[in-house]
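Q: Take this structure, written in structure tokens, and hold onto it; I'll ask about it next.
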Amino acid sequence: PLARWLAAPGAVTVVDFIYTRCQTVCLSLGSSFAQMQASLQHDRAAGPTGTDHAVPASAGRQVRLLSISFDGAYDTPAQLQAYGQKLQTDPAVWQLARVPDPVQSAALLRSLGVVVVPDGRGDYEHNAALLVVDGRGRLVRIFDQAEQQLALDYARDLAQRQTP
């Protein structure tokens, strides 16, 4: 399912990596994604040309959000569902996923340049990046979490350019 979500023709996905027990950077990432979700929901409700963006609202309809937990042992499907309910995720816009196999999770993190280091107290230190993935599942750009609007605008523009 993760590969299908990432590689969807015409779609652009903004990805972050989280773990649900995180009380620091993941809270900020969740807040950023909630704001982006609200903007994308507005795009979906707008007419075909939109009103608030330099690109048509239809491009925003092709942008999705994906939070991937790297703590597959703790973040069960039920845990992710509870986390999603707390953040009021809209599954049409924002999906939550996990990679339960630690070897596959480490390979995914490594392939995308995401650094996760156990802190020895049951938590993790990790970077707060927003990764933009095109409709072929390719990583095309990385933004700092503080650049959420820039990342969203870039994703909208990329979606518009991918749309036939």
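For all residues, glycine too, the Cβ spot is worked out from N, Cα and C.
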Q: Of the residues His42, His126, only one is listed by TrEMBL in the Cu cation site with Cys22, Cys26. Which is it?
A: His126
Q: Round to the nearest Å and give the CA-to-CA distance linking His126 (Cu cation binding site) with Cys26 (disulfide bond).
A: 9
Q: May I have the list of same-chain residues other than Cys22, Cys26, His126 whose Cβ is within 8 Å of the Cβ centroid of the recorded Cu cation site, in sequence order?
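A: Checked against the 8 Å cutoff, the neighbours are Phe17, Ile18, Tyr19, Thr24, Val25, Leu29, Asp123, Tyr124, Ala128.
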Q: How many other Cβ atoms sit within 10 Å of the Cβ of Cys22 (disulfide bond)?
A: 17
Q: Relative to the Cβ of Cys26 (disulfide bond), which residues of the same chain, six or more apart in sequence, are found under 8 Å away?
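A: For Cys26 (disulfide bond), the qualifying residues are Ile18, Tyr19, Thr20.
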